[in-house]
Amino acid sequence: MSSTYFHSSLLAATLFSVTLTAPAFASENTQNTPQTITTKKPQPAENTFSEKNEESYWGKFKRNLTQTWDNDQYNYYLPVWTWHNRFTYDKEKTNRYNETPWGFGMGKYRYDNEGDWHGLYAMAFMDSNNRVQPIMGYGFEKMWYPGGDREGFRMGAGFTLSVTARHEYNYIPMPLPLPLVSVGYEHLSLQATYVPGTYNNGNVLFAWLRWQ
């Protein structure tokens, strides 16, 4: 991957922002006759609708992390390809960039009750400049099973919330949220992400094999 893709890739973080809105509640008292009518006022809710949703989302996220970490099933990762988008790069740059990201990784995974994939992983590979680049994080994919068999052919799409580091930045950890897609059959999957960017920066397809 190119050395300055981080600034542009932060745009991907907007894909994971959640806009929560709280509905307005209004109370109305009417009085049709001079007679005094006593009614019991409903107790106010302990939390607003948005607060409940936010807590539920955060609670679900933590629960998914914990359940995945506690699982005893392991993934193994083999980086196989990086591709710098030829429509967004000068030929002089693509000629010298490395697109064979030798490396290895492993992690834990699980499939939830709906058949969706959750993974915690750590991986290291050779970046565009032939320097070691580590990455680790949490991944989620919504899965589809065209044949109905969860052990057979499957496709997935989702996201990863990761942290990486590069030699250009003295290996200071940096957040890197990215999209994820995959196709798989039985134990083997091909998984990939795309790093967005500008001209001569970012716009890199990164693919790896995942064995489970």
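Heads up, the Cβ atoms here are built off N, Cα and C, so glycines get one too.
According to Swiss-Prot, the features are:
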type	residues	note
ACT_SITE	His84	active site
ACT_SITE	Asp127	active site
ACT_SITE	Ser128	active site
COMPBIAS	29-44	compositional bias 'Low complexity'
REGION	29-50	region 'Disordered'
SIGNAL	1-26	signal peptide
SITE	Lys93	site 'Role in lipopolysaccharide recognition'
SITE	Tyr199	site 'Role in the phospholipid gating'
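Distribution of Swiss-Prot features across the structure.
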{"residue": "His84", "record": "active site", "DSSP class": "strand"}
{"residue": "Lys93", "record": "site 'Role in lipopolysaccharide recognition'", "DSSP class": "helix"}
{"residue": "Asp127", "record": "active site", "DSSP class": "coil"}
{"residue": "Tyr199", "record": "site 'Role in the phospholipid gating'", "DSSP class": "coil"}
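A straight line from the CA of Lys93 (site 'Role in lipopolysaccharide recognition') to the CA of His84 (active site) spans 9 Å. Most Cβ neighbours within 10 Å among the recorded positions His84, Lys93: this distinction goes to His84.
Cβ neighbour count for Tyr199 (site 'Role in the phospholipid gating') (all protein chains, 10 Å cutoff from its Cβ): 11. Separating the Cα atoms of Ser128 (active site) and His84 (active site) is a whole-number distance of 9 Å. For Ser128 (active site), the number of other Cβ atoms no farther than 10 Å from its own Cβ, over all displayed protein chains, is 21. For the pair Tyr199 (site 'Role in the phospholipid gating') and His84 (active site), the C-alpha distance works out to 11 angstrom. Between the CA atoms of His84 (active site) and Asp127 (active site) there is a gap of 12 Å.
Cβ neighbours within 10 Å of Asp127 (active site), excluding its own Cβ and spanning all shown chains: 23.
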